[in-house]
Amino acid sequence: MTRVCRQAHRTATFALSLPLQQPQSPKTALPQRRLATAAPESSKLDKHEFQAETRQLLDIVARSLYSDHEVFVRELISNASDALEKFRYTALSTTNEGQLAARDRPLEIRITTDKPQMQLIIQDTGIGMTREELVNNLGTIARSGSKQFLEELKQQQQPAQASSNIIGQFGVGFYSAFIVAQRVEVYTRAATPDAVGLCWSTDGSGTYTIREAEEAEHGTKIVLHLKTDCREYADEDRIRTVIKKYSNFVGSPILLNGKQANEIKPLWLMDPQSISKEQHQDFYRFISNSFDSPRFTLHYNADVPLSIHALLYFPEGKPGLFEMSRDGATGVALYTRKVLIQSKTEHLLPKWLRFIKGVVDSEDIPLNLSRELLQNNSLIRKLSSVISSRVIRFLQERAKKQPEEYEAFYRDYGLFLKEGIVTSSDTSEKEEIAKLLRFESSKSPSGRISLDDYYKEVSADQKDIYYLAAPNRILAESSPYYESLKKRNELVLFCYEPYDELVLMQLAQYKNKKLVSVEKEMRNQSQDPAALQDFGEGSLSSTEVDSLLPWLQSQLKGQVAKVKATTRLDTHPCVITVEEMAAARHFIRTQSHQLPEENRFALLQPELEINPKHPIIKKLFSLRTSEPELAELIAKQLFANAMVGAGLAEDPRMLLTNMNSLLSKALEKY
């Protein structure tokens, strides 16, 4: 931004918080002040002094209201579009041919850049203005001619379509011209046959003038004499970039130096059935600045509870680095009546849907005076909730109607869905997102199933949905925690991603069934060893177990909270259980390095469960007395192995020291 343009923004910052309320409200709106009273029609040149208070307000509106100075182009184009819409409506509603001059004129916006003269000219062929309207619309701060036009239509009980293309509502957009212009001239001629041409001119400092101008054409032409350090806006390429960014979808043609600059149509306002695949592809690439194609397209229109026109695209390519980061902005642009408000709109969609590209256009969006910032958080939350719910429902439909395409989408973007479950505070929304999750299971080696599939397959009497976290299927099927459930032929979901178990722990339940990890199920089902009389054929006796347990407890003092026997193991000698395995593993991965080892074990409170039938445990019982040093090394190695198997070892390389000592001791006799 150039030096003068930057200085134009360093004025009173309180204007940025100017409220949205209508100008008629004396508590919240800019006061309406006439810059001067109208002079008689017969006067050749009317010159007027600005009032001191009005001059101050003009300075605030022009220089402090907008965060980005290029938006003056958007504001002036929006005004021109409104003038065209007013003429179009007047022509349609007027039956007398003689009431309008040049009724068949082309309705368009013409923009001319003049580098040598440092001028930018924005002209429309719309309704034009009379002398009185010049004074009222340009000579009054915060008075919107478009808003008055809408109010008149409302009083006449005209249909909503008649006003659907009117953009303006605050009456301050024209004054944004003074961000870049040192002098502004407005040439205009009203649409009536006997209207005279007029020129309104001011430098925004002390006076403005109105004079007759025979050269004025029907409509309005605004000539901006640019400040020296804002000469960039006399460059055709610079203006084309701004048009593409903010006003590309204005309904009327925008001709920049004779060539149309807004050729892409606002597809979100068109009939979905009339849009071709090629149009969607071109539009997607335009709004996303990417070169891939949309995988899915959601074209959504609603009138209740809010007026919404949304066109959302799900990318075909894999998510990029910036999309994976939660610090990245959402990819949905916010429009109001086809005019861009924000290209990256915070809070319009939740963060977990940041991979979606597209457009949302709503007439109900509450904006502040500069039309750059959103107000009324409750309405924004409502809008976000409505769109999010529609996106979730759309993906559920795709999962049923296009399962293969959805499976490919899930492979690339399933992480975002899981993030939605973790970050959402709405229990019902969590469950709706959960319908989109897919996992391998103990009974589906070649594909993935949904939670709905699991729910339908198990009996209604089963109260739990079991899941097991493991790096891959081989380790899942050989896990000591899965042995007991495998014997009972229970259906178990296999979670291969490290965050999957956190997602399911956050979800807690699906429909009326609790989500339970197999480690939790084992801990809950473990029996008190004192009550066990028989551990099965070939196992240690209850007396032998009772003597082994306290010995192990003493050898692992400070590491285990409790040692007990279990009948739920078959091929494994022992296993570690903790109260919340998923939370414990997350703690080990993220925070345990900050704590000493004894504090870490004190927080985890691991319990060691031994299998009295396993050969290692039976041999360990006898080695306690015959080879106490070797037995101690074996006990420590069993505990370390069980911690690795549970995913609770901070660094598995720490096993090597004890393992080497154990091997050395075992080989002493050879």
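Placed from the backbone N, Cα and C atoms, the Cβ positions cover glycine too.
Remember, TrEMBL labels are computer predictions, not curated facts.
Among the features that TrEMBL reports, region 'Disordered' is placed at 22-48.
If you look up TrEMBL, you'll see E75, N79, D124, M129, N137, 144-145, 169-174, T220, R371 marked as ATP binding site.
Considering other CB atoms within 10 Å as the measure, the emptiest surroundings among the binding-site residues E75, D124 are those of E75. A C-beta separation below 8 Å, combined with a sequence spacing of at least six in one chain, links F174 (ATP binding site) to E75, L76, N79, N137, L138. Within 10 Å of the C-beta of N137 (ATP binding site) we count 21 further C-beta atoms, all protein chains included.
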